[in-house]
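Before any comments, here is the structure.
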Ligand code: RTP
Ligand code: MG
């Protein structure tokens with residue numbers, strides 16, 4: 001298995017709930033290393049560009065509004081199989097369908113306010129890391 005990097009975002013709902021530390025602890029306990037980390041408030045244009053793949057979807061406007069509703073924590077996680085491992089730690093998009101012990105099951109309220117983002121493929125990870133941190 002290869003060492004990979006993936007982009008993680010702790011979304012505004014989780015930041016507001018004061019669980020940044022608990023979420024980062026889950027990554028660290030699973031062997032993922034935080035190699036970049038920045039707290040920031042996304043502009044409308046930054047959020048739209050980040051989620052550009054969803055721009056034709058009916059939920060796009062709500063997604064952008066949510067992602068700009070408060071500060072987020074953008075991180076690069078590194079480790080064995082980091083992309084899939086992060087997705088597994090996160091759980092399903094809809095927290096009601098997320099497995100027990102996952103971040104979304106434990107910290108998220110709804111499919112809109114679902115605590116974390118994680119890159120879904122190697123290509124997404126490369127694009128998303130470059131989007132926030134350059135190459
Ligand atoms: P993310 O990109 O944030 O890590 O989430 P994901 O891969 O699990 O889900 P994705 O399909 O990429 O969707 C991005 C975000 O859009 C919202 N969404 N709403 N109402 C809906 O059917 C719906 N589908 C997606 C979610 O907040 C999701 O995280
Ligand atoms: Mg996604």
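Note that Cβ sites are derived from N, Cα and C of the backbone, with glycine treated the same way.
Residue 117 (active site, pros-phosphohistidine intermediate) counts 19 other C-beta atoms within 10 Å of its own C-beta, drawing on all protein chains shown. A strand conformation is recorded for residue 117 (active site, pros-phosphohistidine intermediate) in the three-state DSSP classification. Annotation comment: TrEMBL describes 117 as active site, pros-phosphohistidine intermediate.
As annotated by TrEMBL, ATP binding site applies to 11, 59, 87, 93, 104, 114. Under the three-state DSSP scheme, residue 104 (ATP binding site) falls in the helix class.
The domain 'Nucleoside diphosphate kinase-like' annotation in TrEMBL covers 3-135. Here the domain 'Nucleoside diphosphate kinase-like' (3-135) returns a mean pLDDT of 98 for the predicted model.
Between the alpha carbons (Cα) of residue 93 (ATP binding site) and residue 117 (active site, pros-phosphohistidine intermediate) lies a span of roughly 9 Å. Proximity of the recorded positions (11, 59, 87, 93, 114, 117) to ligand 1: a Cβ under 6 Å from the molecule is found for 59, 93, 114, 117.
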